[in-house]
6 protein chains.
Amino acid sequence: MTTPREDGRADDELRPIKITRGWLDHAAGSVLIEFGRTRVLCAASASEGVPRWRKGSGLGWVTAEYAMLPAATNTRSDRESVKGRIGGRTHEISRLIGRSLRAVIDYQALGENTIQLDCDVLQADGGTRTAAITGAYVALADAVAHLRSTGALPAKDAASPLTGSVAAVSVGIIDGVPRLDLPYVEDVRAETDMNIVMTGDGKFVEVQGTAEGAAFDRAELDALLALGEKGCADLTRLQQEALGR
Amino acid sequence: MTTPREDGRADDELRPIKITRGWLDHAAGSVLIEFGRTRVLCAASASEGVPRWRKGSGLGWVTAEYAMLPAATNTRSDRESVKGRIGGRTHEISRLIGRSLRAVIDYQALGENTIQLDCDVLQADGGTRTAAITGAYVALADAVAHLRSTGALPAKDAASPLTGSVAAVSVGIIDGVPRLDLPYVEDVRAETDMNIVMTGDGKFVEVQGTAEGAAFDRAELDALLALGEKGCADLTRLQQEALGR
Amino acid sequence: MTTPREDGRADDELRPIKITRGWLDHAAGSVLIEFGRTRVLCAASASEGVPRWRKGSGLGWVTAEYAMLPAATNTRSDRESVKGRIGGRTHEISRLIGRSLRAVIDYQALGENTIQLDCDVLQADGGTRTAAITGAYVALADAVAHLRSTGALPAKDAASPLTGSVAAVSVGIIDGVPRLDLPYVEDVRAETDMNIVMTGDGKFVEVQGTAEGAAFDRAELDALLALGEKGCADLTRLQQEALGR
Amino acid sequence: MTTPREDGRADDELRPIKITRGWLDHAAGSVLIEFGRTRVLCAASASEGVPRWRKGSGLGWVTAEYAMLPAATNTRSDRESVKGRIGGRTHEISRLIGRSLRAVIDYQALGENTIQLDCDVLQADGGTRTAAITGAYVALADAVAHLRSTGALPAKDAASPLTGSVAAVSVGIIDGVPRLDLPYVEDVRAETDMNIVMTGDGKFVEVQGTAEGAAFDRAELDALLALGEKGCADLTRLQQEALGR
Amino acid sequence: MTTPREDGRADDELRPIKITRGWLDHAAGSVLIEFGRTRVLCAASASEGVPRWRKGSGLGWVTAEYAMLPAATNTRSDRESVKGRIGGRTHEISRLIGRSLRAVIDYQALGENTIQLDCDVLQADGGTRTAAITGAYVALADAVAHLRSTGALPAKDAASPLTGSVAAVSVGIIDGVPRLDLPYVEDVRAETDMNIVMTGDGKFVEVQGTAEGAAFDRAELDALLALGEKGCADLTRLQQEALGR
Amino acid sequence: MTTPREDGRADDELRPIKITRGWLDHAAGSVLIEFGRTRVLCAASASEGVPRWRKGSGLGWVTAEYAMLPAATNTRSDRESVKGRIGGRTHEISRLIGRSLRAVIDYQALGENTIQLDCDVLQADGGTRTAAITGAYVALADAVAHLRSTGALPAKDAASPLTGSVAAVSVGIIDGVPRLDLPYVEDVRAETDMNIVMTGDGKFVEVQGTAEGAAFDRAELDALLALGEKGCADLTRLQQEALGR
């Protein structure tokens, strides 16, 4: 018999998810997303032109930066701007978010425009990178709609730069039990930890599994993948609802 | 005859001020403060010990860091962590906030503890530094109360580390007219721009006036000081209300 | 019908693997590992003591740094030392190598000692991170043996700090066909790219799959996992042979 | 009854001021300015063109950098070039000097040229930023005259890029007494410290007052402003004498 | 009577020198050079164009970067990329190598092309900078031949960009005896240490002598110069052999 | 027949040398040295203790930092503090000055004290590094005398930490003629350029010769060495006069 989760959720249940669109006045799209107590502000800013290595290609670009406010964590963490360098973890997550969003972008339809996603963690309680991806997609969708309405991007009847949706969730094995959407207290105890990024039509974009303690076997891997598929499907539905579709 | 303000305010009237306490779960004190559309998240984190140059003195320390999220401004600004260095403006404001708060701190009563204020601008529409100071004071007051209740600081009957309150406001001359609490559209047009930091009992902590265009004479300076005194008194009252006093 | 591989290999066949032990005179363990034309120099340096956050725990530490010589790639790349900052990709791979090796370390048996793995890519032709992990394990095994023989680590009859072996390989889908151990020409064409790190007894340490183009479905994921299991088993055998077991 | 000043000066008296023009051979204008033992080398270098954000505007630019030699202070301070970053204080003062000089510049008359002021403190004994501003103005005046004589700037009968002069002085309250032009020994003891920058015709460019200990009231502020007006008027006269007007 | 050398060499004898050409597949020229246990990988990469300050001159450029792998030395040294800055010694040697090679370059014949030499020390046992120069020349010669054969540089009958050859060796005084080509154990004991760079026709390019302990007199200087001339002549012969001339 | 020098000097004649002691109030020793229009401020600051790697050895340390003010050169150069990194040339010269001074230091007699030399070029007209060494020696001698008089170093009858004096001069071949102490106009035209550092009793500390254009032969080298010996002897006499010996 296994211990129930501290917050009373079923093993395959997401934390309460809240998606607030239009949280900022300036950005083309902005979302405050909450996975329980994890709170990430996702902003999508558009600009004409693309990075130098892409100029003249006719193709657009989407990139992302992830960061955490110093007081977001249990114990205050130092600012990377003050330290003068970006840490490895920050780099890694920024790259992951960028790759995840680019999986649903049609560069041709975007034209030589860049959309920059900023995902700033205001409060951290586990799963910040998956919340960031899930929220960033909604901000991106809003930005694309906004840019098409203003004529900055080709309008409604042309192909959309968005070819689908993307969402992400963490899964892990705690005391031998696979669980969905880990808060910090579960995250630190997990033997295996996996982040899964999927498109709205159920395909994988990223699968990143790490044995924190003992290595895991194929059966455990399969259980985690199934749980991730379930969680991403739930998040996809919540994204669609938030977008009023 | 002068043009009325775009937002319809009287020349000596503050924008709508909103102070939300306890916006974060982890920090000892935290406040989301809004001056109109300017939105700053102020968090106070306490830690035992003081910087090296102060060790063994029996005295505490209070310091502050100010930063702006990339999407806070009209046009996205680059992250200082990515650029690898803190800009001059950020340094200057961080130092100003720290000095302002230290003006109402009794280092002796604080003991060898450090309180770090983080003021992160989530959205910028002029007056971010004055909103930061005004909000940071409330976060600091909450942190001190919290630390005294947990015994981390000497309790209720001892002297409080807080010797008073502090608030700040911007004033400026636009088209020859002195005005209080400038939003961005007024700020960029101001001939003279002044930030005033005052204690709750009406004394000056900082006075920083800058001629953006033509230099200003003593009469103009006096008018701005009077306006600042009025604005700080109003903010002090709002801080006290927010703190339930 | 699919095109055969440019180098004539079967789809589930590794490139020629060469493991040269003792390539350096100073390091406790050192290996030049070659996956075809990919050539990585792996050195394991031991030092007494552990990082500050681990002091007094009685536990050891293993960490890794990955880097690429400027002329290792097709087109010369700039030095990160000259640029003054480590890039995101370098950070990410260094962290991956460190985690992978720590999966087979018994910190207790290591005592408060640190082993630092340096993986420097002398020539790059795809799969540098998997070659680095595979070679670093052999260097680590040599370093542990060396340290036990000199008395720097507890000797033969005590528990070994190594609880198993670890190897890594890349797999990917090219033109719809899953293939093992991708050289650069295949890597750039892969629709999906996955790095798999496994222990010698067939368990997973890391699974990192990325859709470079279209997202991938569960069947494709399963095929890649099977291929990775096969490749890691082959590499484990080659590691054991190189170590004379 | 108050204690007399250590150096015997009246409370409203400047230290001996010495302005040596043409101290360097290369710069368009250069001045060694001394406020007592404080010694600052101010050099004005002209170059064609303006920063990128100003190109094509037809307007010029004036900017400044302040720094201190390591041995300038009582105890040697580390070089910012060696530390790899500019400190907050340096940034703040550089920005102040630049703003102060720009207050007397007609950008139109300057054309798309940049004048860079370098203010290097060779010896520090309080008031380095005010000495820097006061000396930099003289170097700037010399540079403008030089550039007009060589035809690099429009000649004598056109409007001068200089619309006036600027000088600066520190004032403070020590043991309750307002005093002018504080040396280091007074500076560290001051309860309130203010830097005042004024044009030659008696208008304010910058007013920066800081309560170092207790906050100050309006009467004290007025006394300091009066003292600053007196000091700036004296410095303006000395600048004019040095320039042979 | 003096002690014989630890490795049995005569005082004017080089260590075993090994020059392996074509060690890398991508670089235009590459050499692994060994001076005893000192092992340096030298790669020459060519690119069209020259640094900005040289554009439009019709002249080429040759530059060099030197670095050491962390595990190259007896005790592991930290990576300069991780430290975020290049050390003084690295800078100095990179500049020396660049200057040495430019002494035998005809910029006109090179045209507006840049050749970048990367000298990475894989293992260090004294004399790494002289091995780097000696090996870099061979890599450079191979790169020039390669570029001429591909038409990237003017072909065989035009003037060669190489006007001669260059080699370098260290000499020093140990226990009063001048010796050639010092390994680490002699280097640390040397009273005087000199690096000599010469062209193939016996002229000096660089002479850098340093008194590590006592200053040296003119007679000692002359003895060291003679020894250096002998060593460079030997190395020139070995370079020519390696190049098959 | 050769052209005479622009400033009318004989080929073996120094520029006018001026050594002003005690130029700063705070440093233990300070000297403004002038080689013609080259002007370097040399300051020696003493502190108790030595760098970490030397602690407990009973030995002292002497180190140096060289820098150039932005306006020192013909065309303004950027600040290294603003660029955020020390350039290769600065590193190289700082190291040279440090080594040169350490050649006349008895570490034992210095005890565990550090003397830091700061050599800041106020105006540059060739030979800044040799002026820096020559002036730094005088500042160092003054600092040692001062420290012995205050008891910070062992007093008069103990062995002095200074075992001799050191001076430096540049020599070069211009239009085939060897010349002493090159100003900027000669320096840029020199075919060969050599810096020579010697002790007061005529021994070599450093010899650094570089072929800027064509390589140089042994006869030319001998002529330059003779000229350097003459120049250093002259400078030694001037140093002794300045020190009142």
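Backbone N, Cα and C atoms are what each Cβ position is placed from, and that goes for glycine too.
Just so you know, TrEMBL annotations never went through curation; they're auto-generated.
Residues or ranges marked as domain 'Exoribonuclease phosphorolytic' in TrEMBL: F:13-143, F:165-230. Annotation source TrEMBL lists phosphate binding site at F:R89, F:G127, F:T128, F:R129.
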Fewest other C-beta atoms within 10 angstroms, as judged across F:R89, F:R129, which are the binding-site residues: F:R89
Check: same-chain CB within 8 A of phosphate site center, minus F:R89, F:G127, F:T128, F:R129: F:Y66, F:I93, F:V121, F:A124, F:G126, F:T130, F:A131, F:A132
Assigned element (helix, strand, coil) containing F:G127 (phosphate binding site), judged by DSSP: coil
For the domain 'Exoribonuclease phosphorolytic' (F:165-230), the number of residues DSSP places in helix, strand and coil: 17 helix, 30 strand, 19 coil
Largest separation between Cα atoms (Å) of residues that the record links to phosphate, namely F:R89, F:G127, F:T128, F:R129: 13
For F:T128 (phosphate binding site), nearby residues of its own chain (Cβ under 8 Å, 6 or more apart in sequence): F:T38, F:V40, F:Y66, F:M68, F:I93, F:V121
DSSP helix/strand/coil residue counts for the domain 'Exoribonuclease phosphorolytic' (F:13-143): 45 helix, 43 strand, 43 coil
Neighbourhood of F:G127 (phosphate binding site), C-beta criterion under 8 angstroms, separation at least six: F:F35, F:T38, F:V169, F:S170, F:D181, F:L182, F:P183, F:D187
Reported mean pLDDT - the domain 'Exoribonuclease phosphorolytic' (F:165-230): 95
